[in-house]
Amino acid sequence: MAKDLDVNESGPPAARDYKDPPPAPFFDMEELRKWPLYRAVIAEFVATLLFLYVSILTVIGYKAQTDATAGGVDCGGVGILGIAWAFGGMIFVLVYCTAGISGGHINPAVTVGLFLARKVSLVRTVLYIVAQCLGAICGCGFVKAFQSSYYTRYGGGANELADGYNKGTGLGAEIIGTFVLVYTVFSATDPKRNARDSHVPVLAPLPIGFAVFMVHLATIPITGTGINPARSFGAAVIYNNEKAWDDQWIFWVGPMIGAAAAAFYHQFILRAAAIKALGSFGSFGSFRSFA
């Protein structure tokens, strides 16, 4: 296979100083026989459980502190800023802790985006999503068990479309919010960037967590911020409210579209995967330097 080249404006093209990892096999049954897969699945389950436990407790605590009927005040509690920090901060911590074991997905949309980019296999994708959803259900279940008097009264942290917004607006918010998150994941874990700066792999959880924080600031007033189907599904299962289930499709369809769009944009536009494939025919070889 020909060696890819980078642009060198002052002379001939220079040899690429990094190497892309080979694409993951689409379907690999051999993977099911290996312990590292199950270790990664367990890590995804536990990480998603902890993520939902801390973040949903934060949401319910904020609502309890600002409930005027219970003596709360409007300016009490952590506010939307604090809720956003809880979600973003937990993602930062958990991605940092699990990146070396499972990749630190903690989100079916991230897993699907990486699958579409051939970063993970179908087997791993399915097992991760199941583990993430089960972890989310257990995390919300613990919240209800420990805060039963507040859980149902304050909505169980379930994602619902806010009054005054139509479903199209909610869907758009979820698509764009998830695009921001998954695009950040691709950028933070880009092998080209990792090869050229040894600090990037260590710092990758920071921009990912910060992306979650920023998206929450923007979309909490609209949908309560999903951008993670497992988070929305787990809360809906434990809260079991009709409106939460009626709006549930928004928190699956939106994030999956956003993840697919981010995967396409990063792989085929920024990394020019399509041009590199066509370059093997010769006529497009000059475009390889832009990858």
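Glycine is no exception: its Cβ is also placed from the backbone N, Cα and C atoms.
The N-acetylmethionine annotation in Swiss-Prot covers Met1, and the record cites similarity to another entry as its basis.
What Swiss-Prot lists as topological domain 'Cytoplasmic' is 2-39 (among others), and the listing cites sequence analysis.
Per Swiss-Prot, N-acetylalanine is recorded for Ala2.
Swiss-Prot lists Lys3 with the feature N6,N6-dimethyllysine, giving similarity to another entry as the kind of evidence.
Swiss-Prot lists 40-60 (among others) with the feature transmembrane segment.
Look at Swiss-Prot and you will find 75-95 (among others) tagged as transmembrane segment. Outside the transmembrane segment (75-95), and at least 6 residues removed from its termini, the chain residues within Cβ reach (under 8 Å) are 47, 50-51, 54-55, 58-59, 61-66, 104, 106, 204-206, 208-214, 216-217, 220-221, 225.
For the topological domain 'Cytoplasmic' (96-125), same-chain residues at least 6 beyond its ends with a Cβ under 8 Å from one of its own Cβ atoms are 23-29, 31-32, 37, 39-41, 43-44, 47-48, 51, 132-133, 178, 181-182, 185-186, 201, 204-205, 227-231, 255-256, 258-260, 262-264, 266-267. According to Swiss-Prot, the topological domain 'Cytoplasmic' annotation covers 96-125 (among others).
Non-local neighbours of the transmembrane segment (126-146) in the same chain are 37, 40-42, 44-53, 56-57, 60, 102, 105-108, 111-112, 120, 152, 156-157, 229-231, 233-235, 237-239; each lies 6+ residues outside the stretch with a CB under 8 Å from one of its CB atoms. Look at Swiss-Prot and you will find 126-146 (among others) tagged as transmembrane segment.
The transmembrane segment feature in Swiss-Prot is assigned to 168-188 (among others); the stated evidence is sequence analysis.
Taken as a whole, the topological domain 'Cytoplasmic' (189-201) shows an average pLDDT of 65 in this prediction. The topological domain 'Cytoplasmic' annotation in Swiss-Prot covers 189-201 (among others).
Swiss-Prot lists 202-222 (among others) with the feature transmembrane segment.
Residues 107-110, 112-114, 116-117, 159, 161, 167, 170-179, 181-183, 185-187, 190, 223, 226-229, 232-233 of the same chain sit 6 or more residues outside the transmembrane segment (250-270) yet have a Cβ under 8 Å from a Cβ within it. The transmembrane segment annotation in Swiss-Prot covers 250-270 (among others), and the record cites sequence analysis as its basis.
The feature topological domain 'Cytoplasmic' is assigned by Swiss-Prot to 271-291 (among others), with sequence analysis given as support.
The phosphoserine feature in Swiss-Prot is assigned to Ser283 (among others).
The feature phosphoserine is assigned by Swiss-Prot to Ser286 (among others).
The feature phosphoserine is assigned by Swiss-Prot to Ser289 (among others).
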